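Q: Per Swiss-Prot, the features are:
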- R208: active site (ACT_SITE)
- E237: active site (ACT_SITE)
- H254: active site, proton donor (ACT_SITE)
- S45, T66, Y258: substrate binding site (BINDING)
- D146, T175, D232, G257: NAD(+) binding site (BINDING)
Amino acid sequence: MKILVDENMPYARDLFSRLGEVIAVPGRPIPVAQLADADALMVRSVTKVNESLLAGKPIKFVGTATAGTDHVDEAWLKQAGIGFSAAPGCNAIAVVEYVFSSLLMLAERDGFSLHERTVGIVGVGNVGRRLQARLEALGIKTLLCDPPRADCGDEGDFRSLDELVQRADILTFHTPLFKDGPYKTLHLADEKLIRSLKPGAILINACRGAVVDNTALLTCLNEGQKLSVVLDVWEGEPELNVELLTKVDIGTPHIAGYTLEGKARGTTQVFEAYSKFIGHEQHVALDTLLPAPEFGRITLHGPLDQPTLKRLVHLVYDVRRDDAPLRKVAGIPGEFDKLRKNYLERREWSSLYVICDDASAASLLCKLGFNAVHHPAR
């Protein structure tokens, strides 16, 4: 059995070698010759999986180690009788922590408290729900918009996008990319929406680049609209609008979900799905794969305020470490993908063990996803 895996999927060689011969290949582009005698293909979001790639090939299963699936023609795979699995929610925690790192940086720079802001969350799936829970644990008001879930009767106080635009100080997008249909998200943030945002609002896109109309956004920024912008995703990736990058406050190369834990979850989820598909079901404990974190433990004295939270969050991950490298190489062919391929190891908040002498601080940190314990001061 021959299994092709994206060369940038961590732990893929070790895991899939339990099931057959593993060949690591670049994800963009996939070397077509390797598909001629392969049984399975494991990809990331950079690989377009469709009829033109796989027609006439012996591939029986495709796995994507990503939550999103807009790079995969699922309908054609089903028609062709090819098994498929994604990794829903694998990087949700990572994306939430990226948003927090960005907001805490902007709050410190601009001198505001997040408690004074209302956050509008567009898309309330694996990422949106987790973001809502962590924001509300901190006492930060949220507004939710998710028309498909609202129409299905899902639990939640869902509001219209227009209401979020009118009321939210921070608008953050966490939707799939739907190019048409009743729930179209292509250019969901169009020029009209962007111009309607509150003065001084923060716009965040960490889902799919084309959810925000990049041309319209640049037009508004060039005309002097007072707006802070965080973009992790871009229309036309791996190409991006270099002028737009110079205008945004934080710009990163589609790495919001790139924690070691998130990547490992993605790989293990598709590994487990494929092992079940071929009748040799196996399960993997995530902690058996992950290395020891850089910081073993730290001690926190007193209550948890916003400056302290910012220091803890940025101790684990400061978004500026990914903003600066992109600005240095923007516009140089191949560099966007190179930044992603050679991405520095990044951990999640759960990797940080925090000893608190304040019980309320320990409790709150646990709700936020840190590994915190209360040890009273002596």
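Glycine is treated like the rest: Cβ placed from N, Cα and C.
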Q: Look at the recorded positions D146, D232, E237 and tell me which residue has the greatest number of other C-beta atoms within 10 angstroms of its C-beta.
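A: Of D146, D232, E237, the one with the most crowded Cβ is D232.
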Q: Out of the recorded positions S45, T66, R208, E237, give me the one sitting nearest to G257 (NAD(+) binding site) by CA distance.
A: T66
Q: What is the separation, in Å, between the Cα atoms of H254 (active site, proton donor) and D232 (NAD(+) binding site)?
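A: Cα of H254 (active site, proton donor) to Cα of D232 (NAD(+) binding site) measures 5 Å after rounding.
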Q: In angstrom units, rounded to an integer, how far apart are the Cα atoms of S45 (substrate binding site) and D232 (NAD(+) binding site)?
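A: That comes out at 14 Å between the alpha carbons.
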Q: Rounded to a whole number, what is the top Cα to Cα distance in Å among the residues the record ties to substrate, namely S45, T66, Y258?
A: 12
Q: Determine which residues of this chain, when S45, T66, Y258 are set aside, have a Cβ within 8 Å of the centroid of the substrate site's Cβ atoms, and list them as they appear in the sequence.
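A: Close Cβ neighbours, site residues excluded: R44, V46, A65, A67, G68, N91, H254, G257, G266.
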Q: Could you state the CA-to-CA distance between D146 (NAD(+) binding site) and R208 (active site) to the nearest Å?
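A: D146 (NAD(+) binding site) to R208 (active site), Cα-Cα distance: 16 Å.
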